[in-house]
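Enquirer: Sharing the record's features from Swiss-Prot:
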- 13-33: transmembrane segment (TRANSMEM)
- 88-108: transmembrane segment (TRANSMEM)
- 163-183: transmembrane segment (TRANSMEM)
- 194-214: transmembrane segment (TRANSMEM)
- 218-238: transmembrane segment (TRANSMEM)
- 323-343: transmembrane segment (TRANSMEM)
- 356-376: transmembrane segment (TRANSMEM)
- 388-408: transmembrane segment (TRANSMEM)
- 423-445: transmembrane segment (TRANSMEM)
- 455-475: transmembrane segment (TRANSMEM)
- 492-512: transmembrane segment (TRANSMEM)
- 522-542: transmembrane segment (TRANSMEM)
Amino acid sequence: MELISSSTIGNSALCLTLISILIFFFLTTTTIPTFPDHPLRSLLDDSQITTNSSSIVNPKSSCVSSRSHDNGGVINYFSLHYCIFNENLFFSIPILSLLILLHFYILIKTAQTHFSTVTTKLADRLNLSPSMAAVTLLALGNGAPDVFASVAALRGGQYRTGFGAILSAGTFVSAFVVGFVAIYAAPFPVDAASFVRDVLFYLIAALFLFYVYLSGEIFVWQAIGFVGFYIFFVGFVFWMDFGTNVEKGKSISEEEKDLLRLQDCEIAAGSLGSYKAEKEHQFSGIFRLYGTISRMWETPVSVLLNLTIPKPSPSEWSRFYRSANIVFCPFALLYTCNSFVQLNHPISFLFPNTHLPLWLVVLFMTSSLAFLHFTVEKQPPKTEQLPVIVVAFIMSVFWISTIAGELLNCLAALGTLLKLPPALLGLTVLAWGNSVGDLVADVAVAKAGRPAMAMAGCFAGPMFNMLVGLGSALVMQTANVYPDAYKLGFHVGIVIAFVFLLLSLMGSLLVITWSRFRVPRFWGICLVGLYVAFTFVSLIIASVST
């Protein structure tokens, strides 16, 4: 029992501290600009299609109105078309297409060279098993956009949108992302107890939510039960893994650690390029074109990411980049919390009667610290530092979430310019937007040699969104009407989403169990086909209802 003494308590305390920081990082804002608040992200609420589509994807065809059309992101893509290119589709379509490729490149680059690396290092430093890392690190990292979207939707009175967003994202991850991971990495084994536990807990949570939705009302104790159920799930995961660690005497074998270190080195050396080289013979034309384009922005993107995401490894340490991290990392976090604390918020600094904007004060303080670091620190640290790994993890999540939001806005603008139907946009572009980060991150983790962690994250992440994200939002709403119940309306689209979500979960449980807990590639193809069927059925329902 010595293993569950001081080291276990210390690691648990560090993990709880990290969770608290990330929850504050994601949930203290009400309108985070990097997570676009699109009511049609799931488009299971067809009433929103006709009433709100104009405010989302149909700005007036003028430069002035397009500038006033706030898409909640960094770049206003409609202004590019109406103001810069003077409504010339010959220029707008290629530029927006290139921007979409750029967004995908940054997503893949961030996930493979930073997120998967620091997640592996952080799990290793905290002695977390793949399951423990999945229910904490991957769930928090992948689920942040959907948690925010759910809270914002229900606080705005759009309960149907909140349910639809969670269910469509859950179906996307449990069907399409799991299928993609299976197609890429299969066949690979999964731990029988952990897999059955994760899927069963997710099934129970989905069935409980389905029951509550069909009842048409929810009480505050039921909403609290959602959040409490996930806390119980995390505790159960830790209890199971701690018991396994005591029996084995260690959480991760030395061989696995050596493999992870080797994979980290391979990723840092540029696994994205090697992956493209492996697949180039299959799709030579596409990859040759994409490779030519990506080489043009490889250096600028790498420099930008290195300026904002610290490198934990001493062998990759750079005095210039580490000093730049001290300046830019606080600014990125400050930008994320812009709605909570305005960048131009006046504060007294140095002199009582002098009011300076917050961003200027932060710039002065971080620049001073960066200059001090640059002049004092001459040698890299001898070992990897846990605070640096934590900051790198948070900044990787920041970039994945930010670029996923920009990709969503750019795709929505391109679809509007191509005059695609709003229902089709909602069921494809807007439904996939915030889940692109899940796809890229989980596939990157699988590519880093940990498909079991990626598989666990595919179930723990959506369950975190459902129980913590939607549960927290429902707690707020039910508390406002306590002791009465919060009323829920019926919509056939949400029932269809429940059905496909339950089909994907029960199918994975049966097929993988039948395959002796090895994930077969054919099941990945079936899951992708299941999601395609869900998209078509939902599109038909949305069109008929409209």
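Cβ coordinates come from backbone N, Cα and C, glycine included.
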Enquirer: With pairs fewer than 6 apart in sequence excluded, do the transmembrane segment (163-183) and the transmembrane segment (522-542) have three or more C-beta pairs that lie under 8 Å?
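Expert: Yes, the transmembrane segment (522-542) contacts the transmembrane segment (163-183).
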Enquirer: What stretch in 88-108, 163-183, 356-376, 388-408, 455-475 has the biggest tally of Cβ pairs under 8 Å against the transmembrane segment (218-238)?
Expert: 455-475
Enquirer: Report the listed stretch (88-108, 194-214, 455-475) having the maximum count of Cβ pairs within less than 8 Å of the transmembrane segment (492-512).
Expert: 194-214
Enquirer: Using Cβ atoms only, state whether the transmembrane segment (88-108) and the transmembrane segment (388-408) have three or more pairs under 8 Å that are 6 or more apart in sequence.
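Expert: Contact between the transmembrane segment (88-108) and the transmembrane segment (388-408): present.
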Enquirer: To the transmembrane segment (194-214), which of 356-376, 388-408, 455-475 is linked by the most Cβ pairs under 8 Å?
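Expert: Against the transmembrane segment (194-214), the leading stretch is 455-475.
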Enquirer: Using a Cβ distance cut-off of under 8 Å, indicate which of 356-376, 388-408, 455-475 has the most pairs with the transmembrane segment (163-183).
Expert: 455-475
